[in-house]
Amino acid sequence: MSEYFRDIGSSITTILTGMGITLRHFFNAVRRKGDAGIDEENYFNQVDGLVTLQYPREAVPTPKIGHYRLYNEIDDCIGCNQCARACPIDCITIETIKVTKDDLAVCGKTSGGQQKRFWVPVFDIDVAQCMTCGICSAVCPTECLYHTQVSDFSVFRREDMIYHFGNLTKLEAEAKRKKLEEEKKAAPAPKPKPKPKPAPKSEPEKGSS
C-alpha cells in the first residue's frame, strides 16, 4: 500500500518539476536571449530568453571573418584577370580593353596610386555558383574584390544572381575598341629585324689530318 502512494507522490513530483521548468522558460520568453556571437566569451552564458528570430526584422549576427557576398570596387580594379583565373568554378567573367595613350588620364589611377591600363566593360560574378572560398579576394593585387557582411541576398529570378560591376556601357565599350584599333593603325610599322650575320667559318687545326 505504501508503495502505491509513493508512486503517486513520485508522479506528482515529476509533473511539478517538468511544469516548473516549462513555466520558467515561459515567463523568461519576454526578452531576447542575447546578441553575443559564438566567437564571444559570454556566448554560452546566455541561457534564458527568446532564441527564435523574427525574420526579416531580426537576423543572426554574422562573424566579421566570414565569407559572404562578393563585391568589386571597380574604381580600383586594374583588369588583371587573376581572380577569374584563380576561381575553381569559373563564376567570374571579365572582359578588358586596353587603354589608349590619350585615355590614360581619363582612366585614372587606383586608390593606391597605380595607373590603370585596362577598361573593364564586363566584370560579372555569378553568386549562385560562388562557393565563397575566398581565393579570388586573396589573389587580388589591389584588394578591390572582397567579401561583404551581407549573408542573405535571396532573389526570385535566376538572372538577378549575376552581379555586374563593369565600368563601361556597351556603347562606350564599342567606342573604346574602335579608338584602340585606330591607334594601332596610326602607329608606325615596326622596323624589320636585322638579318643575323653568318657565323665565321672555323679554320682546321694544324696537324689535323
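Just so you know, glycine gets a Cβ as well, placed from its N, Cα and C.
Among the features that TrEMBL reports, compositional bias 'Basic and acidic residues' is placed at 177-186, 200-209. Annotated domain '4Fe-4S ferredoxin-type' per TrEMBL: 66-97, 121-150, in sequence order. Per TrEMBL, the feature region 'Disordered' maps to 177-209.
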Could you give the residue numbers and ranges of same-chain residues that sit at least 6 residues beyond the domain '4Fe-4S ferredoxin-type' (121-150) on either side and whose C-beta is under 8 angstroms from one of its C-beta atoms?
62, 64, 66-78, 80, 82-84, 86-97, 110, 112, 114, 158, 161-170, 172-173, 176
As a quick check of your reading of DSSP, tell me how many residues in the domain '4Fe-4S ferredoxin-type' (121-150) are helical, how many are strand and how many are coil.
5 helix, 9 strand, 16 coil
